[in-house]
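*Asks:* This is the structure I have questions about; it appears just below.
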Amino acid sequence: MEMKITVSCPTPNRCTLLILVLFSFAASPLHASLSINFYASSCPTAELIVSNMVRSASSSDPTIPGKLLRLLFHDCFVEGCDASVLLQGNGTERSDPANTSLGGFSVIDSAKRVLEIFCPETVSCADIVALAARDAVVTAGGPAFEIPTGRRDGRISDAANVRSNIVDTSFTMIEMIRLFNSKGLSLDDLVTLSGAHTIGVAHCNAFSDRFQMDSKGNLTLIDTSLDNTYAKELMKKCPSGSSASKTVNNDPETSFAFDNQYYINLLGHKGLFQSDSVLVEDERTSARVEAFANDQETFFQSWRDSFLKLTTIGVKTDDEGEIR
């Protein structure tokens, strides 16, 4: 199918970036019904409204970008990028224990309320989730780029679909590769999208399997892939008997900045999760980790490409879904 794209460039630099994104978009197996500036006629301020909501919420709570990015992953990996994770009720995705710690819902709700005032029944929740995650990265200092919109909201949200479709922090490389491949994502996408852990927080029980508790309640490091000094810091922050709500930063160095520090941490054996550490230990991914650690722009360029693929997993368009 031939696709004609017209590019309007307010500045030369923005034009160059937009053309690069469009070429990436055209070269990828993305859904044909999605398009850049999908709401240009029906709701021209849609993306600006979402961006302003994200920026405002993040200014008062620096954990918001990490929450919005994690929300996108948990939405797209289960039933595709269709906002099914937003639905509430018994047996929905959101009710599953793996999703009870998700956050950022208030930002999505606020954006939707404003959009319903200016453009009733026009902008899907699925697009809001994708745009909010994109803008969250920008707010945290990451790369800015266009993403296609036009997603519809899914009608199915089943808790039974959650566990088998999201990455567990104790996953091996084989398990992660299998899951990512099932979503149409490559090994390079796996390494790149793991960089989302450069922001955000994690609950203590998410990495407790790297430690062992003795009869006196003292913790001991049993995962030799973890730096000893970093392990002691984690044990201090998450001693045995810690509250279930206790969290630590995914990135101990630049906690709220979207940068390449995550990969530098991996080279220093300071990956918070076992699923982080295996990236630098496995010869299939270690070279890519090192490349991202040495050059932030290389990571950012790869992030643009992989993020585009992430946000088009299993999308529903036209009559495949609805506008909630």
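Even glycines carry a Cβ here, placed using N, Cα and C.
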*Asks:* Disulfide-wise, see what TrEMBL says Cys43 is paired with, picking from Cys9, Cys76, Cys81, Cys119.
*Replies:* Cys119
*Asks:* When you check TrEMBL, which of Cys81, Cys125 turns out to share a disulphide bond with Cys76?
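*Replies:* Answer per TrEMBL: Cys81.
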*Asks:* Taking the Cα of Arg70 (site 'Transition state stabilizer') as the centre, which of the recorded positions listed as Cys43, Gly80, Asp82, Cys119, Thr254, Asp259 lie within 10 Å of it?
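*Replies:* The recorded positions passing the 10 Å Cα test: none.
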*Asks:* CA-CA, which of the recorded positions Glu93, Cys204, Cys238 lies nearest Cys76 (disulfide bond)?
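*Replies:* Checked the recorded positions Glu93, Cys204, Cys238; minimum Cα distance to Cys76 (disulfide bond) goes to Glu93.
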*Asks:* Taking only C-alpha atoms and a 10 A limit, tell me which of His74, His197, Thr198, Asp251, Thr254, Asp259 are near Gly80 (Ca(2+) 1 binding site). These are the recorded positions.
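*Replies:* Near Gly80 (Ca(2+) 1 binding site) by Cα: His74.
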*Asks:* Between Glu93 (Ca(2+) 1 binding site) and Cys238 (disulfide bond), what is the CA-CA distance rounded to a whole number of Å?
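*Replies:* It is 28 Å, counting Cα to Cα.
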*Asks:* Over the span of the domain 'Plant heme peroxidase family profile' (33-324), how high is the average pLDDT in this prediction?
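*Replies:* Mean per-residue confidence for the domain 'Plant heme peroxidase family profile' (33-324): 95 out of 100.
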